[in-house]
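For C359, the entry in TrEMBL reads active site, proton donor. What TrEMBL lists as pyridoxal 5'-phosphate binding site is G253, E290, P291, G292, R293, Y387. Under the heading substrate binding site, TrEMBL lists R293, R329, Y333, E360, Y387. Taken from TrEMBL, the feature domain 'Orn/DAP/Arg decarboxylase 2 N-terminal' covers 57-296. Sequence annotations record features per position, and here TrEMBL assigns N6-(pyridoxal phosphate)lysine to K74.
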Amino acid sequence: MTTPTEASAPRLPGQPFFHYRDAQLWVEDVSVSALARAHGTPLFIYSQGAMLSALDAYRRGLAGREALICYAVKANSSLAVLQTFVQAGCGLDIVSGGELIRAVRAGADPRRIIFSGVGKSRADMRLALELGIGCFNVESLPELDVLNEVTSLLGRRAPVSLRVNPDVDARTHPYISTGLKDNKFGIAHDQALDAYRHAASLPGLEVVGIDCHIGSQITEEAPYLDAMDRVLDLVAAVEADGIALRHIDFGGGLGIDYQGETPPAADALWARLLQRLDQRGFGDKALLIEPGRSLVGNAGICVTESLYVKHGAHKHFLIVDAAMNDLPRPAMYEAYHAIVPVELLDRPSHVYDVVGPVCESGDWLGRDRRLAVASGDLLAVCSTGAYCMSMASNYNTRGRAAEVLVAGNQTQVIRERETVDDQLRLEHGLAPALRPRT
Ligand SMILES: Cc1ncc(COP(=O)(O)O)c(C=O)c1O
Ligand SMILES: N[C@@H](CCCC[NH3+])C(=O)O
């Protein structure tokens, strides 16, 4: 059997951290098949180098400014991933009490954590206040009142920023667009000034900033510039009303290359946005941003073994051991992830629907993919560092995958494979009184 060379290698997002060497896929200086043999599949493998390189692009773009990059925990919440960003100097953006506890366990300074989200509970607010959180991004008038109540019970003041909804089309998938007036997020642009007046009148709140986040997987510069203009209009109006704003938070949302998309690089985007900020006279404001996907999305792959090659009457199916519970994005958003062989082998190629073992027709990972594979071969599902493991479930009582982090030639298991016992740990069998009589 001949072995094709890199010349015939498929397109691979995440280069140069993921690359072919001698017709084998490598993550930094570690062979993917060696990791899969050691830890089994499905297996998420992350490149720490890719994460830090993505972070550097933001740092270059924001150099010389008072700016805090708050990594959006929801994109990939693994402790070791959070620690990577925290130890590199980032703050964190969280949306729940659970994420707050994770963030603190990862060693984040609570003052560098911002709390976003439309539905913060009183308990989550209390915990965040007790820990001394940096800022609450408040998303509605009733939330302002509840936060004020919670602060008065604790005898503290809460630093708040209002998340405004600028009604800008991020031109992304409708499920991940958040800045349109029909979306549940943020305070409508034309209600924002009144909301600021109300916030400033509440004794338990200290107004410190303004926030917006218009959506995710944004691949153009224009929606950011539009949102910035709309937010700066509000900053001017709020400050003219006598309410000072120390910072502007521009959210996250920058897209990545899944299928040949060409989003602006973070440094180029920020050079443009800062230019606009300066032109409009707000260059002295402190900045916060909340990137998630663009820091981790192309820093991860999910390695899966092909179980069966099934030649159906009308279609070829490749049944693999990863599924929608591990990789929910195709089922949820019809999202595309490149799927590539871990070893470039000379096999007959077919056009396959790549599907998982879960009992749902929606359990597909890729459609109409030409692949040269046989059962037992390993495949890598690319661009799976963001919104995959953090959205994984136990559907069909499937344990969540293991995760490995690679840095150069060093590797570490950062999450063990979940067992059935792990899943059953919180369940209780039927008590005698509830057992049906036969
Ligand atoms: C409030 C908020 N901040 C930040 C993010 C991170 O977005 P992304 O991963 O697209 O950068 C999200 C998710 O879209 C979000 O809802
Ligand atoms: N889960 C979405 C992104 C949601 C962003 C959260 N506001 C995705 O996988 O693309």
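Quick reminder: no glycine exception, Cβ is built from N, Cα and C everywhere.
Remember, TrEMBL labels are computer predictions, not curated facts.
DSSP gives R293 (pyridoxal 5'-phosphate binding site) a helix state. Filtering G253, G292, R293, R329, C359 by Cβ distance to ligand 1 (under 6 A) retains the following recorded positions: G253, G292, R293. Nearest Cα neighbour of R329 (substrate binding site) among the listed recorded positions (E290, R293, C359, Y387): Y387. With respect to ligand 2, the binding-site residues E290, G292, R293, R329, E360, Y387 contribute R329, Y387 as residues with a C-beta closer than 6 angstroms to one of its atoms, given in sequence order.
Restricting the binding-site residues G253, G292, R293, E360, Y387 to those with a CA within 10 Å of the CA of the residue listed as 'N6-(pyridoxal phosphate)lysine' leaves G292, R293, Y387, listed by sequence position.
In this structure, the CA atom of Y387 (pyridoxal 5'-phosphate binding site) is 12 Å away from the CA atom of Y333 (substrate binding site). For the recorded site, Y333 (substrate binding site), the DSSP three-state label reads helix. The two recorded residues, E360 (substrate binding site) and E290 (pyridoxal 5'-phosphate binding site), show a Cα separation of 34 Å.
For Y333 (substrate binding site) paired with G292 (pyridoxal 5'-phosphate binding site), the C-alpha to C-alpha distance reads 18 Å.
Confidence across the domain 'Orn/DAP/Arg decarboxylase 2 N-terminal' (57-296), taken as the mean pLDDT and rounded to a whole number, stands at 95.
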